[in-house]
Amino acid sequence: FPLQDSSDDIEDVSLFDADDDVSRRSRKSKIRHPVASFFHLFFRVSAIVVYLLCELLTSSFIACMVTIILLLSCDFWAVKNVTGRLMVGLRWWNQVDDDGRSHWVFEARKVSAQGGKSSSEAESRIFWLGLITCPMIWVIFAFSALFSFKVKWLAVVVMGVVLQGANLYGYIRCKVGGRKNLTSMATSYLGKQFLRQ
């Protein structure tokens with residue numbers, strides 16, 4: 001609170017850096033990249049909505065298939081190249097060396113001691129929620145197309161599973177570390193949970 005005093009020697013100082021904690025919390029929960037957050041969900045949700053409403057809106061399978069695959073491709077590119085870097089500080093790619101061997105690279109932004117470039121908690125939640133939920137929906141669509149004998153839609157659904165599953169796998173590898181084997185990590189985690197119980 002500003003002090004109303006006649007002397008100019010009095011300075012308003014927050015007690016125990018309480019104002020810094022409040023500003024840090026509000027900065028953490030604030031969405032710092034609203035356009036990236038929007039497009040992270042836009043292409044994913046649009047592909048799912050087009051898949052669900054396609055037969056109601058048009059009878060052209062080709063138009064629906066092309067629209068869904070274009071939305072999935074835009075989503076794959078946007079998540080892999082833009083939103084992963086901005087929202088959570090992760091990126092992954094494949095590079096081929098001079099011998100023709102393929103190398104997968106998984107990176108995570110190092111958190112600085114000052115915390116200058118840390119991602120916000122709200123963006124992180126949006127990123128991981130969209131990244132995990134949508135591939136699960138496409139897996140449900142795959143089983144639905146398989147059991148209802150809609151074979152023509154199976155190719156579209158498999159594209160959804162593959163493109164969104166690849167991003168999910170890449171970002172999980174970035175998050176847990178590129179050098180660690182995911183199966184050994186899962187086994188050790190389940191072993192610890194079993195021993196804990």
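The backbone N, Cα and C atoms fix where each Cβ goes, glycine too.
Note that this is a predicted model, so its numbers are computed, not measured.
The annotation transmembrane segment is assigned in TrEMBL to 34-53 (among others). Within the chain carrying the transmembrane segment (34-53), a Cβ under 8 angstroms from the stretch's Cβ atoms is held by residues 64, 67-68, 71-72, 74-75, 78-79, 82-83, 86-87, 123, 126-127, 130, 134, 137-138, 141, 153, 156-157, 160, 164, all 6 or more beyond its ends.
Annotated transmembrane segment per TrEMBL: 59-79 (among others), in sequence order. Cβ atoms under 8 Å from those of the transmembrane segment (59-79) belong to residues 39-40, 43-44, 46-47, 50-51, 131, 152, 155-156, 159-160, 163-164, 166-167 of the same chain, restricted to positions at least 6 beyond its ends.
What TrEMBL records for 126-147 (among others) is transmembrane segment.
As annotated by TrEMBL, transmembrane segment applies to 153-172 (among others). Outside the transmembrane segment (153-172) by six or more residues, the chain places 44, 47, 51, 64-65, 68-69, 72-73, 75-76, 79-80, 84, 88, 90, 92, 106, 131-132, 134-135, 138-139, 141-142, 145-146, 182 with a CB less than 8 A from a CB of the stretch.
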